[in-house]
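According to Swiss-Prot, the protein has these features:
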{"type": "ACT_SITE", "residues": "LYS112", "note": "active site, N6-AMP-lysine intermediate"}
{"type": "BINDING", "residues": "ASP32, ALA33, VAL34, TYR35, ASP36, SER81, LEU82, ARG133, GLU167, LYS306", "note": "NAD(+) binding site"}
{"type": "BINDING", "residues": "CYS400, CYS403, CYS416, CYS421", "note": "Zn(2+) binding site"}
{"type": "DOMAIN", "residues": "577-656", "note": "domain 'BRCT'"}
Amino acid sequence: MIKSQKEYLERIAYLNTLSHHYYNLDDPIVSDAVYDELYQELKAYEEKNPSHIQANSPTQKVGATATNPFNKNPHLMRMWSLDDVFNQSELQAWLQRILKAYPSASFVCSPKLDGVSLNLLYHHGKLISATTRGNGLEGELVSANAKHIANIPHAIAYKGEIEIRGEVIISKKDFDALNKERLNANEPLFANPRNAASGSLRQLDSEITKKRKLQFIPWGVGKHSLNFLSFKECLDFIVSLGFSAIQYLSLNKNHQEIEENYHTLIREREGFFALLDGMVIVVNELNIQKELGYTQKSPKFACAYKFPALEKHTKIIGVINQVGRSGAITPVALLEPVEIAGAMINRATLHNYSEIEKKNIMLNDRVVVIRSGDVIPKIIKPLESYRDGSQHKIERPKVCPICSYELLCEEIFTYCQNLNCPARLKESLIHFASKDALNIQGLGDKVIEQLFEEKLIVNALDLYALKLEDLMRLDKFKIKKAQNLLDAIQKSKNPPLWRLINALGIEHIGKGASKTLAKYGLNVLEKSEAEFLEMEGFGVEMARSLVNFYASNQEFIRSLFELLNPRNSDMAEEKQKSSSVFNNKTIVLTGTLSKPRQEYAQMLENLGAKISSSVSAKTNFLIVGENAGSKLALAQKHGVSVLNEEELLKRLKELD
C-alpha cells in the first residue's frame with residue numbers, strides 16, 4: 001500500500017523500470033501477477049489523490065517507448081491498452097457501470113493471448129507496414145519480418161485504407177521445439193513464449209523470423225472507413241479477408257454468461273494451442289463503444305478478465321544468481337521438478353533479494369509455486385509448517401557471480417556496475433553504438449557478437465583499435481563493408497558530451513538526464529551524491545547510481561573520455577536542428593536514391609525529422625527517387641510536399 005507522495009513517485013520509477021525490461025529488453029524482472037499488484041496499488045493511490053498524478057505514471061501511458069534498432073513508425077489510430085479485472089466482484093462492478101447506462105449492451109468474449117501486439121496497415125489491398133504497439137502512438141517498424149509470418153496475408157480483397165490489429169504468438173508445440181533446438185545448439189533458452197515471439201519478430205535477419213513459425217491472431221481494427229454496426233461484425237469481416245479466426249469467441253448478454261465462458265476457458269487452457277493469461281471482454285455495439293469513450297490509457301468499453309495463477313507445492317534445493325542485460329541480479333530458485341499446466345518446472349524466479357527477505361523464503365523450504373498468466377514461474381510463499389531445521393537463509397550476494405565485481409545494492413534491486421562484465425558487455429556495446437548514444441552506423445548486435453567470438457573486443461575502447469584485417473575475418477565482411485564500419489567508428493569521436501554519457505548505460509540515467517548532466521561540464525561524473533541531488537529532476541537512486549558507477553569504472557571512463565574527446569556543448573547541432581525546415585516534420589522516403597535510404601533518414605533525424613514508412617495525411621514531406629511507385633500517388637492525393645533527391649540535397653546544403 002502506498003502511504004505518501006514520496007512512495008508514489010518511487011513506485012512510478014519502479015514500474016517504469018519493470019515496463020522497460022518487459023517491453024524493450026524482453027527481459028522481465030517480475031511476474032505479471034507482481035506487476036499487476038504493484039500497478040493496482042498505484043492506481044488506487046491516484047484515485048484517492050488525483051492532484052498527485054504524474055504524466056510519466058504507467059496509468060497515463062501504454063507500454064514502453066520503442067527502442068532501436070528498428071525505425072519508429074506512427075499508428076494512424078492509437079493502440080490502447082486494456083484495464084484488468086481480477087475477480088467476479090470487479091467484473092460485476094465493471095459490467096454494472098455499462099449496463100446501468102446501456103441495458104441492451106452485449107459483450108464479445110475471446111481468449112487473451114500472451115504475445116506481441118502488432119498493427120498491420122493495408123492500402124489498395126496491399127500490406128504497407130507492420131508496426132509493434134510501442135507506446136500506443138508509435139512503435140517499431142517490423143514489416144520485413146512480419147511478411148514471413150505465414151498467416152499474415154500480403155494482399156487482401158478490401159482496397160481501402162485499414163489497420164488490422166492482433167497478437168503475434170508462438171504455439172506451445174513450436175515453442176517447445178524451438179527451445180529444444182536452442183538447447184542442442186548450446187544457445188540460451190527463451191523464458192516463455194511471449195519472449196520468443198517478441199525476440200523472433202524483432203530479428204535483424206528476417207530468415208530467422210521465417211524459421212520461428214510465428215502466428216498472427218487478429219483481435220480488432222484501427223483506422224478504417226467501413227460502417228460496421230458491431231464488434232462481432234468487424235471480427236467476421238477480418239476473417240473474410242483471409243485472417244485466422246479467434247477460437248472460443250462468444251457473444252454474451254449478462255454476467256452469468258460471461259462467467260460461464262470464462263470458466264470454460266480456464267478448463268480448456270491446458271489443451272489450448274497457445275498460452276493464455278485471461279479473457280478479453282468487449283462491448284459489441286459500436287455506437288455504445290463510441291459513447292463510452294476512453295480514459296487516458298484505456299477504452300471504457302473493454303477489459304481483460306485475468307486468469308488465476310496455477311500453483312503447486314515443491315522444494316527449493318538451490319539458488320543461482322543471473323545477471324540481466326542492465327546488470328540487474330535476479331535470484332533464481334532451483335526446484336525439485338514439478339508439473340504445472342503441462343510444463344515441467346524446475347526453476348522459478350525469486351525476483352530480488354528484498355522480495356526474499358519480505359517473504360522469509362529459505363533454502364530447503366517447501367514453497368508454493370505459481371505460473372502467473374501461464375508465463376513466468378514464481379514462488380509465492382514458503383510453507384513454514386514444513387520446516388524441519390534443515391532450512392538456511394538465502395544470502396544476498398556481495399559480488400557479481402560472473403565477474404566478481406562488488407555489487408551496487410539498492411533498496412529493491414542489486415546491480416553489477418562493471419561495464420566489463422561478460423554477462424552484460426554485449427548489450428552495453430549495442431547500447432553504446434545505438435542512435436541515442438554514439439550512433440555508429442553498421443555496428444549492430446550481430447557484428448558485436450562476431451567481434452566477441454573472434455576475441456577482437458572486450459569493451460568499447462577496443463572498438464577504436466580495430467583494423468581492416470580484423471573486420472575481414474568476420475562473416476559477410478568484404479573490404480568496402482569493413483572500411484565503412486571503421487569510418488563510422490572513427491566518425492563517432494568528438495561526440496556531444498550528453499551522447500557519451502548516455503552511451504555509458506548508467507542505470508537510471510537516460511537521454512534526458514544525460515543532457516542535464518552535460519550542462520555541468522566534462523568533469524560532471526566526478527561530482528558527489530549531494531551535488532547530483534541539487535540538479536533538477538535528480539533523485540537519490542539516480543545520484544547513487546552515478547557515484548557508484550564512476551567509482552567502479554573510473555579508469556575506463558577517463559580512458560574513454562581521453563580517446564573520444566567529447567564536446568562540452570552541442571549548441572551548434574541544436575541550433576541547426578531548430579532552424580531546419582525538417583524539424584518536427586514527418587518524412588517518408590521512397591524509390592531508388594543514390595545513397596542508402598537509411599543514410600538520408602539519419603541525416604533528416606539529426607535535423608529533428610520523424611521518419612515514417614507510410615504516407616498519410618500527417619506526412620509533411622515525401623522524398624522520391626526513381627521508381628517511386630504508389631507512395632507518390634498517395635502523397636499527391638493528400639497534398640504532401642514532394643522533393644526529389646536533388647531538391648533534398650539543395651535544402652540540406654543550405655543548412656550547412
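Here the Cβ of each residue, glycine as well, is placed from N, Cα and C on the backbone.
Features recorded in Swiss-Prot, as mapped to the structure shown.
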| residue | record | CB count, 10 Å |
| --- | --- | --- |
| VAL34 | NAD(+) binding site | 19 |
| ASP36 | NAD(+) binding site | 16 |
| LEU82 | NAD(+) binding site | 18 |
| LYS112 | active site, N6-AMP-lysine intermediate | 22 |
| GLU167 | NAD(+) binding site | 22 |
| CYS400 | Zn(2+) binding site | 23 |
| CYS403 | Zn(2+) binding site | 16 |
| CYS416 | Zn(2+) binding site | 28 |
| CYS421 | Zn(2+) binding site | 18 |
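According to DSSP, the domain 'BRCT' (577-656) comprises 32 helix, 18 strand, 30 coil.
Cα to Cα, GLU167 (NAD(+) binding site) and the residue listed as 'active site, N6-AMP-lysine intermediate' are separated by 9 Å. Closest by Cα distance to CYS403 (Zn(2+) binding site), from the recorded positions VAL34, ASP36, LEU82, LYS112, is VAL34. Geometry remark: LEU82 (NAD(+) binding site) versus the residue listed as 'active site, N6-AMP-lysine intermediate', CA distance 11 Å. Distance between Cα atoms for VAL34 (NAD(+) binding site) and LYS112 (active site, N6-AMP-lysine intermediate): 19 Å, as a whole number. The Cβ centroid of CYS400, CYS403, CYS416, CYS421 marks the Zn(2+) site; residues of that chain outside this set whose Cβ lies within 8 Å of it are VAL323, GLY327, VAL399, PRO401, ILE402, SER404, TYR405, LEU407, GLN417, ASN418, ASN420, PRO422, ALA423, ARG424, given in sequence order.
For CYS421 (Zn(2+) binding site) paired with ASP36 (NAD(+) binding site), the C-alpha to C-alpha distance reads 32 Å. The average pLDDT the prediction assigns to the domain 'BRCT' (577-656) is 82. Taking the C-alpha positions, the distance from LYS112 (active site, N6-AMP-lysine intermediate) to CYS416 (Zn(2+) binding site) comes to 36 Å. Rounded to a whole number, the C-alpha distance linking ASP36 (NAD(+) binding site) with CYS400 (Zn(2+) binding site) is 30 angstrom.
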